[in-house]
Amino acid sequence: MRYDKSNARPVRTASSRLRVLLALSFALFFGGLLTALRTPAVEYELSIYRATPWLFWAAIALAFVGGVGVALRATTDAWARRGAYLQLYLCALAVATVPLLRNYYFIGLGDPLSHLGWIKELGRGALDPVEFRYPGGHTMAVLLHDVGGFPYRLAEQVVAAVFVATYLLAFPLLVLAVVGERDVNEGFVFLVGLLTALLWLPINGISVHKAFHPFSMGVLFLPFVLYLLFSYVATSSEGGSHALVPTRVGALLAFASVAMTLIHPQAALVLVMILGTVSGVQFIARRTKWSRGIAEHRTVHTQTAFALGVLFLWLTQFTVASRIFWTTVDRIMAGGAPGAEATQRGSSLQQVGGSIPELFAKLFLPSTLFVVLVAAFLFAKWVLNAGWAVERERGLVEYVAAALCALGGLFVVAFVANVTTQHFRYHGAAMLLVALLGAVALASFAPKRVGRSSHSTRAVAVVLFLALLIPLAGMVLYSSPYIYQPSSHITESQVEGYETMLEHRDDGVAITGVRKKYVRYIDSIRGRETTRRAAYEAPAGVPGPIFNTNLSTHYEEPRYLAVTTLDYEREVVLYEGFRYSAEGFRSLDTTPGINRVQSNGGFRQYHLTGDDETA
């Protein structure tokens, strides 16, 4: 009996070509990585996209395209396919960590600076972790400092990168967990999940960020927790789905609930809402028997009670939770105008050449398309009775859809209450569920395991759709002039300038600056709690008209004025003098009553003598 090997040669040839393409993609990736590492930032960069060498972006883009091609075509070569996944993951991680690759001293102009102050206070024992609302990420940074010798500023950035890396890995696994039992090409499903993760739908740049921000880190940690949740509910114990039989996944889920509370209680509230919704759906499904798939799932009543109990016990020691709750109630009862701030910002945006529709399209076009996709998917399944591949998938999708409605309710409550931008936090969490449902919908186009290749026309169309959206999402991953925002790059000279000013500051002389961001620098140096107890800063930053015309005579008492390169680039280069003019900056060195104290290239300190002394 003869064995015909004639069909094996084309397979081996195709596999060899894919491996060569993968090797070239890796070479491009490492070349781009080396380019970024060899071009560290030496001064403030208004746009990280423009300042980072174009060779880096080109190499990463070409490597990414090559990785997608290999992942699509490697149907029989498991090693090539896994290598492509790894290469795509590394490309995404490289783009998300450009500030680390290019040796940014720090990134994060707002909250990250204040959190750096808290980290320092925890590290030197001035703040007790048990008395701190969200010590999770902060204690990780302190551990990196104490064990690894990382400077606090670098430790904070590394911790933020760890949560980003967790999100990029956990999200495709979560998608696979929802549709994993369907008779499809699991490799294609994982690819769809990974590409969907690269749309960064939870990151809205308003209240959910990629930098060190505890609630945002909780949202990025949520896919891992949901992966544990769906793995837990989809397996029944030997005693039935109602049996209280401990499992390893259940123990991990409970541990993750505790971790979420320590990362940020508000993120834990989102998790409790999801768990409570799943528990409620299970209760109703068992009473009405409308879903056989859900009836076979393990219940999460105990897990919900545990997560709620942990959150409640943790919050009882803080007054901020009750204060936020009653503030929300009061504002709803008062009937405020939630659109007033948006109207004001829209007017300012028009003054600098932008518009709300333009900015919305830049920030939320991928999100909007996914909302439409999810709506069509659920309409087809529930209204048109398109059917489900397996009952298990139907149950998990119903969980996610119900949880999305619950988070939508939270968003509406926070929006009506108009409590700063809290509603956009729930928007970010809700968009994570939208991304999950959208990926599940796109995975319904997955080719079968047998009889079709993963590079079928439908599969290519799905990947092309996601690939076209990824650059749009990547362009708003960092603050930049593209979205009328300056980069949040913090240079060493800026921090050193503030340190020198605080060290030699005369007692009783308040500090002011352009806008109010200067307070964050003080937080990062002296510590957030220390800054709150000391009268370092003035009640508000210098208003634009005063800065431009009568800065030397406006204040009666002496003050220090802090001006950074970031301030100048933002106000003069980006906003073209809309509030703070170039002439106002130039007059600082020529106006009597304004004396320069120090200058180091990235920071200038002035002493305003006050109206009394000037007179």
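Just so you know, glycine gets a Cβ as well, placed from its N, Cα and C.
Copied over from TrEMBL, here are the features:
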- 54-72: transmembrane segment (TRANSMEM)
- 84-107: transmembrane segment (TRANSMEM)
- 158-180: transmembrane segment (TRANSMEM)
- 187-203: transmembrane segment (TRANSMEM)
- 215-233: transmembrane segment (TRANSMEM)
- 245-263: transmembrane segment (TRANSMEM)
- 269-285: transmembrane segment (TRANSMEM)
- 305-326: transmembrane segment (TRANSMEM)
- 363-384: transmembrane segment (TRANSMEM)
- 396-417: transmembrane segment (TRANSMEM)
- 429-447: transmembrane segment (TRANSMEM)
- 459-478: transmembrane segment (TRANSMEM)
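Long-range contacts of the transmembrane segment (245-263) within the same chain: residues 134-137, 214, 217-218, 221-222, 224-225, 228-229, 231-232, 235, 237-239, 271, 275, 303, 306-307, 310-311, 314, each at least 6 residues beyond the stretch ends and with a Cβ under 8 Å from a Cβ of the stretch.
Under the criterion of 3 or more C-beta pairs below 8 Å, with sequence separation of 6 or more, the transmembrane segment (363-384) and the transmembrane segment (459-478) qualify as touching. With a threshold of 8 Å between CB atoms, the same-chain residues lying at least 6 positions outside the transmembrane segment (269-285) that come near it are 218-219, 222, 225-226, 229, 233, 257, 260, 291, 294-295, 297, 299-301, 303-304, 307-308, 311, 395, 398-399, 402-403, 405-407, 410, 426, 429. When Cβ distances are compared across the two stretches, the transmembrane segment (187-203) makes no contact with the transmembrane segment (396-417), since fewer than 3 pairs at least 6 residues apart fall below 8 angstroms. Only sequence-distant pairs (6 or more apart) were considered; of these, at least three Cβ pairs between the transmembrane segment (459-478) and the transmembrane segment (54-72) are under 8 A, so the stretches are in contact. Counted over residue pairs 6 or more apart, the CB atoms of the transmembrane segment (215-233) and the transmembrane segment (54-72) come under 8 Å in fewer than three pairs, which marks the two as apart.
Contact between the transmembrane segment (429-447) and the transmembrane segment (54-72) is not supported, since fewer than 3 Cβ pairs fall under 8 Å when only residues 6 or more apart in sequence are counted. Within its own chain, the transmembrane segment (158-180) is flanked in space by residues 89, 92-93, 96-97, 100, 112, 137, 140-141, 144, 150, 186, 189-194, 196-198, 210-213, 216-217, 220-221, 223-224, 226-227, 230-231, 234, 389, 393, 396-397, 400, 435-436, 439-440, 443-444, 446, which lie at least six positions past its ends and keep a Cβ under 8 Å from the stretch.
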